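Below you'll find the structure, written out as structure tokens, and then a few comments.
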């Protein structure tokens, strides 16, 4: 009985999720609300991998980084140059 209830709840949740995501606002992001803005952006990043924030490059050891936070060092430590 518990398993049946869990399956029914899961099916209802997935049906509602599909309905929310398939409302057509992907073509009009100006009317997207809430989570839809996030997911439409994620879809665009999947189509254009260069737009993804995960593809940011890091500066190697010894590269100029200026002040901490201006340039991402691969090691994560910056003091004028990227430290090992």
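Using the three backbone atoms N, Cα and C, a Cβ is placed for every residue, glycine included.
Feature annotation from Swiss-Prot assigns signal peptide to 1-22.
Secondary structure at residue 74 (disulfide bond), as computed by DSSP, is coil. According to Swiss-Prot, the disulfide bond annotation covers 58-74 (among others), on the basis of similarity to another entry.
Under DSSP, residue 65 (disulfide bond) is assigned to a strand (E or B) in the three-state scheme. All protein chains shown were included, and the count of other CB atoms within 10 Å of the CB of residue 65 (disulfide bond) stands at 20. Here Swiss-Prot flags 65-78 (among others) as disulfide bond.
Feature annotation from Swiss-Prot assigns disulfide bond to 73-82 (among others); the stated evidence is similarity to another entry. Residue 82 (disulfide bond) counts 21 other C-beta atoms within 10 Å of its own C-beta, drawing on all protein chains shown.
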Margin query: Between 73, 74, 78, which of the disulfide-bonded residues has its C-beta surrounded by the fewest other C-beta atoms within 10 Å?
Written below: 74
Checklist line | residue 65 (disulfide bond) and residue 73 (disulfide bond), distance between Cα atoms, whole Å | finding: 7
